[in-house]
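Enquirer: Could you have a look at this structure, given as structure tokens, before my questions?
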Amino acid sequence: IMFVWASAAEVEERGSDQRDSPASLKSMETIFQSEQRECRYLMGGCSKDGDCCEHLVCRTKWPYHCVWDWTFGK
């Protein structure tokens, strides 16, 4: 998230003429895509624990979604 914020601040410093250019918009799109993870967030749908992000597990009863596994840490 800090990377996205810093990149947005850098684009802001360049001025609106460059910020609104198609190349700049494509660059920002790439930044946001890089932040997307291949796991499901809290309350995201799942079918197994591996679908969920770290410290989340797939709920074993319907409705199946990712819930906190009561662990802490990195």
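Placement of Cβ uses the backbone N, Cα and C atoms for every residue, glycine included.
When I checked Swiss-Prot for this same protein, it listed these features:
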DISULFID  Cys39-Cys53  disulfide bond
DISULFID  Cys46-Cys58  disulfide bond
DISULFID  Cys52-Cys66  disulfide bond
SIGNAL    1-7  signal peptide
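In the displayed structure, how are the listed features positioned relative to their neighbours?
Expert: Counting only residues at least six positions away in the same chain, the Cβ atoms of Asp51, Cys52, Cys53, Glu54, Leu56 sit under 8 Å from the Cβ of Cys39 (disulfide bond).
Under a cutoff of 8 A between CB atoms, and with a sequence separation of 6+ in the same chain, the neighbours of Cys46 (disulfide bond) are Arg40, Cys52, Cys58, Arg59, Tyr64, His65, Cys66.
For Cys66 (disulfide bond), the count of additional Cβ atoms within 10 Å of its Cβ stands at 22 [all protein chains shown].
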Enquirer: Would you identify the secondary structure of Cys52 (disulfide bond) according to DSSP, in three states?
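Expert: For Cys52 (disulfide bond) - judged by DSSP and reduced to three states - the answer is strand.
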Enquirer: Give the residue from the disulfide-bonded residues Cys52, Cys53, Cys58 that has the most other Cβ atoms within 10 Å of its Cβ, counting over every protein chain displayed.
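Expert: Sorting the candidates by Cβ neighbours within 10 Å, the top entry is Cys52.
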Enquirer: So, three-state DSSP: helix, strand or coil for Cys66 (disulfide bond)?
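Expert: For Cys66 (disulfide bond) - judged by DSSP and reduced to three states - the answer is strand.
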